[in-house]
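Features of the protein shown, as given by TrEMBL:
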- 458-497: domain 'EGF-like' (DOMAIN)
- 462-472: disulfide bond (DISULFID)
- 487-496: disulfide bond (DISULFID)
- 510-535: transmembrane segment (TRANSMEM)
- 595-614: transmembrane segment (TRANSMEM)
- 620-639: transmembrane segment (TRANSMEM)
- 655-676: transmembrane segment (TRANSMEM)
- 682-701: transmembrane segment (TRANSMEM)
C-alpha cells in the first residue's frame, strides 16, 4: 500500500562552479541515503549569469557511493600501483537557456554516503587581474528525493517465507541480514503461482545499486520449479535488499516462497584473552617480566593457530587502528609486522575504515615477503584487498571478486618480494586483506608449506605528500574533510607524478633568474633619484627591488626556491612596495611643496597598507592610488601653467625625451600585466613588467630643483665659512 512508503527530501545550498585545474576546483556535495530506500531521485539544477560574458557551457557531474568520486578530466597519469576505476558521470549543457534542470533516478540504491562532484571544463590558464574582468557565475545545486519503505519484511535465514507480489507495478521488497563470517549465501525461490493458478514468471534482484559500478545480481524464475542463486562472500553484518517483480499480466498477483540460507565460516585465530595480553604488553613497554609473558603468549597463540588451521576456513590476525591526524590512520598488527600465510586457509586482516571520515584520503597497503620463510621456490602469496566482505577463495580465482564488489589483487613471490596497492578515496566500510599461499600444480608438498609476509597499511591524506612538485591541501565540504594535490612546475596527475608537461630544472632556474634579476632594472631608477636628490623616492625603489627579488625567489614552483622569511610576509611587502613606488613617483612629478608632498607620501602609504590587508589582489589597490595621484599631478600642473600662462612642463625636450617614453613604457607594462600573463608565460611576461615599470620610473622622475647643487665632495667639505642659500620651493617651469 502507498501508506507504507515515506518520501523524504534533502537539499544543500548551491555552489559556484570553477574551471577545472585540480580536484579543489570540483564542488562536492555529500548526502546520506537512509536504510530501506527503494527509490532515489537526484534533482540537479544548473544556472548561469545573464551578462554578455556568459556563454554556453558544459558542466560535468560525477556520482559515487561511499566516497568522493575519483575523476580525471585532464587525462593525466595516476601514480604507479594506484587502482582507478572510471567514475559515473553525466554532462549538463547550459546553452541559450539560463537554467537547466536534470533528474537522475536510482532504483534500490545502497544505503549510506553518496557524493556528487561538479565542475566546468579545463581552465584556460590565463592569469586575470581581479577587477579588470567580470567572470560569468555558473551555479550548481543538487537536491535528493528518497522513497523509503517503512516496514520492509525481514527474511529470516533458514525459514521459508511466503509472499505475494500484488502487481507488476508494485514489486515486493524484502531484506535479510548477513551475519559475520558468512562465506556463502544461497537464495531459493519456489512455489511461484499466479492468482489464476498459472505458471508465473518473476525477476529477482539481489543487492543494491552502487555507482560507479553496480554488482546487483539478477535472477529470472519461470514456472513452479525451484529457482536458486548462490553468492560467494556476501557483505558481512549488513542488510541485503531483495526485490521481486512480476513479469506477468498487469492484473494478476503472484505468490512465491523465498528461502535464504548461509554457510558460515569458522574463523581460527588466537583467543581474545591472548590478544588482550599482547595488546597490554605492547602498551606496557619494557616492564619487568613483559618479555617473558609476551613470548609465552606468542607461543601459545602460534600453537593455537596451527591446531585450528585444519578445521577453520580463515585465520584472523588482530589489527589495532591508530588515529594519527585528520584522514591519517596507521594499522598495527598485534603479533608483529609479519603474519603467517599457508595454503590451507587464507589469513585475514581487518582494516577499519567505517568512521565516515576516512574516505577522503588514500589507503596504502604494502606487502613484503620473507624469502627465507617459503620452503617452495615457485610458491606465490596471493592477496586481495576488498571492502564489505573478504575474499575467501584465493586458490580458486585471482580476480578478487565478492558477491557485490570487486576487490584489488596483489601478489608476492621469491622473484618479486614487494607489492604495493594504493586505493584512492576508499569507500567508508570495513576493508579486508586476505592472504594465501599458492603453489604450482606440479608440486605436491604445498600443504605443509608456510610463508611470512610483512604487512604495512596506513591511510594518508595524500600519497607521498604529493611529491616535491605538489602541495597537499585539506578541503572541506560542511563537516566532511578530504584531501587533494595541487601541482606546480608543469607537473600533473592525482599525486603530481605526471611529468609529461613538467618543466626541466634548467627551465625552472631560468624562470627564477628572470623574475629575480629583472628587478635589478630598478638600479638606474635609484641612481637617477639619488642624483636628483629624491632620497625618499630612492628608498622606496630600493625597498621594492629588494622584496620583489626575494618574493619571486620564494614564489617559484620548482626546486630553485629561496625564502629568506615567511612567504606571506614577502608577498605583502612586494605588493606594498609596488603600489607605493607608483604613488611616490606620480606625486614627485606633481612638483608639490615639500611639506605637502611628504604628508601625502606618508598618508597614502598608510592607506595603501590598509587596503592591501583587506584585499591583496584587488585591482583598486593599485588603480585607486594611481588615479588619485594622477588627479593631484594634473591639478598641480594646471596650477603651474596658469601661473606661468604657459604649458607645463614647458620644454618640448622634456616631453619628447622623457615624459612620452616614460608614459609609453608604463602603458605597455600595464597591458602586459593585465592582459597577456598566463601560467605558461608568467616567468617572462612578468619579468617584462618589472623591466618596463623600472625604466618608466627612470624616465618620469622630474629633474632636480635649480637651487640644488649636484653631488660633489669638494662642496660638501666646507671649512669655516658656509654661504647661506634660499631653500624655497621652485614653482617655475622645469627645463
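Heads up, the Cβ atoms here are built off N, Cα and C, so glycines get one too.
In TrEMBL, annotation is done automatically, which means it is predicted and not curated.
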Three or more CB pairs closer than 8 Å, sequence separation of 6 or more: does that hold for the transmembrane segment (682-701) against the transmembrane segment (620-639)? no
For each of the disulfide-bonded residues (462, 487, 496), count the other CB atoms lying within 10 A of its CB, then report the residue with the highest count. 496
When you measure from the Cβ of residue 472 (disulfide bond), which residues in the chain that are at least 6 apart have a Cβ under 8 Å away? 461, 462, 465, 466, 483, 484, 485
Residue numbers, six or more beyond the limits of the transmembrane segment (595-614), whose CB comes under 8 Å of its CB atoms: 536, 572, 575-576, 579-580, 583-584, 587-588, 620-621, 624-625, 628-629, 632
